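S.K.: First the structure, which I've put down as structure tokens, then a few questions once you've had a look.
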Amino acid sequence: LLGYLISFFLLVFHLIIFFLFSIFYNSGVLVSFSFLFFQCYNFDFNFLFDYVSLGFSSFVLLISSVVFSYSNFYLFGDKSLLRFFVLLGLFVGSMMMLVFSCGFFSIMIGWDGLGLVSFFLVIYYSNNSSLSSGLLTVLSNRFGDLAMLFSFFILSSSGLWSFLSFSLQNNFPFSFLLTFAAMTKSAQFPFSAWLPAAMAAPTPVSSLVHSSTLVTAGVYLLVRYYYSMSFFFTSLFFCLISLFTMFCSGVLATYDYDMKKVIAMSTLSQLGFMMFSISMGEWVLSFFHMVCHALYKSLLFLSSGVFINFSYGGQDLRLKGGLSFTSPFFFMVFVFSSFSLVGFPFLSGFFSKDLVLEFSYSGGWSLLMLILFLASCVFSLVYSFRIFIQGLFSFMNYFVHFSFFIMSLPIFLIYFLFLWSLIFGFFFGNLLFIDSFIYIFCNFKFLVLIILFISFLFYFLFSFLKDSNSMNFIFSDFFFLFWFSGNPITKFFSLLNLHFFWEQSWMEILGPKGMFNTNYLSFYFIVFSNYFYKMIYLSLGITFIYFFFQS
């Protein structure tokens with residue numbers, strides 16, 4: 001009952017904060033708590049309540065409410081469920097601290113809290129794979145934490161510890177360090193290797209991480225302080241990084257068969273999409289798409305978690321057939337969320353993604369960059385359509401097994417979140433752009449339909465391609481990014497410490513593993529003995545035949 005109780009309180013807080021969001025539109029309140037004054041330094045906590053922080057935090061609470069209730073079903077019978085809820089609560093609290101903060105100390109508490117708690121959530125399942133994934137996640141984020149710390153050292157040169165009290169328009173080192181920190185947290189190239197590895201966490205954690213907390217923290221930081229360093233975001237370097245991330249993740253999602261990994265790669269592609277929108281100077285569109293993406297991406301992970309649970313932990317897309325017959329409600333949620341991801345007309349993703357697409361046509365970019373951007377959008381349509389076809393027309397390979405009593409409240413909350421995702425794009429778009437006018441030429445509108453048609457052609461092209469070992473090798477390593485940003489990071493930190501493995505000393509040699517190795521070697525000794533005797537008999541036979549013919 002603890003998960004349901006926490007879910008209820010989070011839902012109440014969501015409604016309260018969303019009501020405050022409607023009041024504080026185009027206005028804000030700054031709350032400051034001063035706890036120490038030393039010489040010329042004033043150490044305080046600053047919290048800013050405006051339409052950006054209130055709007056995003058309300059949906060963080062809504063998604064967290066659904067995830068807490070959903071975890072009772074997904075982890076039913078788990079002995080460590082209380083520890084899971086504590087970690088999940090700390091994770092949501094760290095994100096809320098980051099969203100409302102505009103000072104050094106409060107931002108660092110939220111920023112470091114996200115990285116630290118995410119490590120414990122990734123290693124929730126006690127195995128070597130989860131531990132490796134958790135180490136890669138936390139060590140990749142340490143580089144961003146270091147950049148964030150150095151950026152605040154530059155900020156402290158003015159004697160102030162708040163973003164709102166310091167002009168950063170001409171401060172290139174600060175802007176670069178803050179952008180570098182955001183790139184590591186949002187898994188942009190070359191720090192993309194940790195995002196697929198974080199799939200080792202339970203599916204409720206993935207739903208929260210990929211929708212509104214960990215990976216969106218970097219995008220939110222750039223949106224929050226866009227005006228402080230807007231000159232750096234519009235650079236060609238920042239645009240190319242986001243485009244390359246979009247393209248690589250789109251290709252990998254099109255080729256992969258792991259259900260959670262495909263959805264994770266779609267998250268990475270959409271993060272690059274948001275970064276590209278910021279590089280165009282349209283931070284409002286990026287914020288709009290970030291909130292819309294949080295809604296339907298959480299629904300994607302929640303519905304896919306149900307399918308994975310029904311198939312006893314299997315994540316292979318080729319075994320996910322007959323979803324429309326076994327679980328029609330969750331299949332409907334999954335389909336509508338996938339269509340929102342690709343920007344299907346009149347769904348929430350359409351109102352945000354379509355605007356970014358149309359602005360990109362008139363952004364003054366080179367032809368090569370525009371082709372790369374459109375190709376990335378085509379791949380997002382291809383892998384979404386592939387999941388839909390696989391789940392609708394393939395054969396059923398599993399049977400439904402769940403208690404309706406356990407799933408009754410999660411189904412209700414998922415349905416509430418589903419209704420929000422349907423109407424949110426139109427409602428929030430009109431509210432966000434109520435005092436602005438967006439004019440787009442008609443020929444740019446028709447280009448979106450052309451991209452849709454090209455996407456269907458690409459889907460049928462990829463469906464006829466055969467697998468090859470070389471392609472599997474390239475795509476399984478995410479274009480060798482694991483060698484670039486995965487292994488070097490873990491090896492760099494391991495060289496800084498002196499390790500002594502007690503498990504690999506006399507206790508392991510004389511313990512269970514030593515017994516296992518003895519049996520293992522004895523098995524090979526028996527096999528080798530049989531072959532040795534056969535070789536002796538064969539040698540004697542050849543020698544006998546040789547002397548027989550010589551005589």
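Cβ coordinates come from backbone N, Cα and C, glycine included.
What TrEMBL records for this protein is below:
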{"type": "DOMAIN", "residues": "105-376", "note": "domain 'NADH:quinone oxidoreductase/Mrp antiporter transmembrane'"}
{"type": "TRANSMEM", "residues": "45-68", "note": "transmembrane segment"}
{"type": "TRANSMEM", "residues": "80-98", "note": "transmembrane segment"}
{"type": "TRANSMEM", "residues": "104-125", "note": "transmembrane segment"}
{"type": "TRANSMEM", "residues": "146-168", "note": "transmembrane segment"}
{"type": "TRANSMEM", "residues": "207-227", "note": "transmembrane segment"}
{"type": "TRANSMEM", "residues": "233-255", "note": "transmembrane segment"}
{"type": "TRANSMEM", "residues": "262-281", "note": "transmembrane segment"}
{"type": "TRANSMEM", "residues": "287-308", "note": "transmembrane segment"}
{"type": "TRANSMEM", "residues": "329-351", "note": "transmembrane segment"}
{"type": "TRANSMEM", "residues": "395-418", "note": "transmembrane segment"}
{"type": "TRANSMEM", "residues": "474-502", "note": "transmembrane segment"}
{"type": "TRANSMEM", "residues": "522-549", "note": "transmembrane segment"}
S.K.: Count the CB pairs under 8 A between the transmembrane segment (45-68) and each of 80-98, 104-125, 233-255, 287-308, 329-351, then give me the winner.
M.R.: 287-308
S.K.: For the transmembrane segment (80-98), which recorded stretch in the set 104-125, 233-255, 287-308, 329-351 gives the largest number of Cβ pairs separated by under 8 Å?
M.R.: 104-125
S.K.: Taking 3+ C-beta pairs under 8 angstroms (sequence gap of 6 or more) as contact, is the transmembrane segment (287-308) in contact with the transmembrane segment (329-351)?
M.R.: yes
S.K.: Can you work out which residues elsewhere in the same chain, 6+ from the ends of the transmembrane segment (104-125), have a Cβ less than 8 Å from its Cβ atoms?
M.R.: 43-47, 80, 84, 87-88, 90-91, 93-98, 131, 133-135, 137-138, 141-142, 144-145, 148-149, 152, 155-156, 161-162, 181, 185, 197-198, 200-202, 205, 209, 213-214, 217
